[in-house]
2 protein chains.
Amino acid sequence: MRRIKVIISYDGSGFEGYQIQPEGRTVQQELEAALLVIHKGSAIRVAASGRTDAGVHAIGQVLHFDTPLGIPGDRWPKVLNTRLPADIRVLHAEEVPESFHARFSATGKTYRYIWELAEVPSPFRRHFASPSRGGVPDIGRMKTGAAHLVGTHDFTSFCSAKTDVADKVRTVEEIRFEEHGDELHMVITGSGFLYNMVRIIAGTLWAAGTGLLDPADIPGILTAKDRTQGGKTAPPQGLYLEKVHYGE
Amino acid sequence: MRRIKVIISYDGSGFEGYQIQPEGRTVQQELEAALLVIHKGSAIRVAASGRTDAGVHAIGQVLHFDTPLGIPGDRWPKVLNTRLPADIRVLHAEEVPESFHARFSATGKTYRYIWELAEVPSPFRRHFASPSRGGVPDIGRMKTGAAHLVGTHDFTSFCSAKTDVADKVRTVEEIRFEEHGDELHMVITGSGFLYNMVRIIAGTLWAAGTGLLDPADIPGILTAKDRTQGGKTAPPQGLYLEKVHYGE
């Protein structure tokens with residue numbers, strides 16, 4: 001068996017998220033369906049770095065699978081892309097040692113969150129950015145708020161109350177803001193993220209930027225360890241899984 | 001009655017084109033449905049600068065309608081946008097004299113055609129650009145070909161064979177190429193365009209750029225007055241109606 005590492009990009013707007021579930025189209029389902037055809041009916045299971053929710057996009061999701069086929073690593077993008085729907089594209093593939101695991105070998109992730117600031121949101125961006133609904137944020141206030149989140153903290157206030165992992169301590173390495181024309185991007189890198197954590201951070205920093213919340217309140221929100229203290233969960237269409245890090 | 005001129009943008013990927021037809025969702029149908037609600041059940045007919053086909057986008061489509069309501073011109077974007085689906089946005093509106101007609105007052109149009117040159121087409125651009133399918137065009141050859149099309153010509157070879165207008169003489173004022181990262185844009189301005197004319201010009205110039213056709217053959221294609229001599233009709237998702245000119 002060869003282990004193949006694959007980097008994929010997908011438009012999340014047509015999916016009920018990454019992971020296979022009883023109903024609705026998912027990215028994993030499409031990948032495994034393509035692999036089933038390539039393997040002439042033998043089921044091949046795919047392991048991803050993690051899930052993404054319905055409507056959330058990926059620029060660089062990473063996954064691996066094991067195959068008995070002798071197809072060289074760099075041929076896999078073409079082999080898969082001809083069998084995948086156009087909203088999933090394989091950007092890169094390579095053979096890796098069996099010790100590599102898309103999820104367990106990951107040392108961190110970078111996500112990008114995009115807001116569209118135009119007063120009338122573009123019809124072309126409605127699935128690909130979060131509308132500002134006329135709000136114009138003070139980016140300085142967003143940066144002040146973000147600085148309180150960088151570091152190692154218990155992020156209980158910044159994850160879905162449904163999260164069932166015990167340890168909610170995570171390290172946020174960097175939160176960076178970029179302005180691209182009518183868009184504001186937040187780029188966040190960390191060792192790991194809890195369920196909805198990036199979207200809640202985005203929603204909280206947006207609230208800080210638009211005056212709904214004082215950036216100085218963020219340390220108190222962290223120590224409260226209470227989801228109801230954090231900001232709203234920002235909508236999924238603004239979120240992109242940009243890169244999965246493997247200690248490069 | 002007041003006549004209102006409106007500039008709209010739409011993502012054509014969810015529509016069977018601009019014009020109302022027996023089956024399928026259209027832009028005109030959504031506009032007239034919104035106006036019906038605003039006018040409390042009185043039907044208001046909308047006149048556009050022209051149709052766009054299924055999958056074709058608009059950055060600046062222009063239309064007009066007559067209304068008995070006293071809503072000031074500049075209030076109409078908000079009034080309409082709250083009632084329109086998110087894939088149509090009203091960008092501008094103003095009251096105009098009754099002598100203005102969105103179609104008959106137009107003196108020209110500018111279209112933009114976008115190719116995505118990345119070897120693996122982005123899943124985010126699949127509805128918004130034409131994939132190059134690995135082809136890398138020689139833009140110099142495309143420009144040479146385009147120069148033969150600028151001016152006043154009989155464009156019979158560059159319109160759908162189904163076109164039933166008698167006079168196929170049109171003036172192309174300018175064809176410009178722009179490179180934006182991984183994208184190639186063709187921007188074409190003319191006095192008027194026949195059915196599928198921009199997409200056939202795009203397909204023919206792409207063939208010139210990728211070596212399937214010699215740019216020097218284009219004068220012969222024009223004089224042949226035969227659609228079978230022109231290049232393929234480029235796909236709709238790369239095409240945008242950018243601006244309608246009114247002799248400004």
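Note: Cβ is positioned from N, Cα and C throughout, glycine not excepted.
All annotation found in TrEMBL is predicted automatically rather than curated by experts.
Annotation source TrEMBL lists domain 'Pseudouridine synthase I TruA alpha/beta' at B:7-104, B:146-246. Sequence annotations record features per position, and here TrEMBL assigns active site, nucleophile to B:Asp53. Taken from TrEMBL, the feature substrate binding site covers B:Tyr111.
Broken down by DSSP into helix, strand and coil, the domain 'Pseudouridine synthase I TruA alpha/beta' (B:7-104) contains 24 helix, 26 strand, 48 coil.
If you take every residue in the domain 'Pseudouridine synthase I TruA alpha/beta' (B:7-104) and average the pLDDT, you get 97. In this structure, the C-alpha atom of B:Tyr111 (substrate binding site) lies 13 angstrom from that of B:Asp53 (active site, nucleophile). Sequence-distant neighbours of the residue listed as 'active site, nucleophile' (same chain, six or more apart, CB under 8 Å from its CB) are B:Gly12, B:Gly17, B:Asn196, B:Pro236, B:Leu239, listed in sequence order.
Using DSSP to sort the residues of the domain 'Pseudouridine synthase I TruA alpha/beta' (B:146-246) gives these counts of helix, strand and coil: 36 helix, 31 strand, 34 coil.
In the three-state DSSP scheme, B:Tyr111 (substrate binding site) falls into the strand class. Here the Cβ of the residue listed as 'substrate binding site' has 24 other Cβ atoms within 10 Å, regardless of which shown protein chain they belong to.
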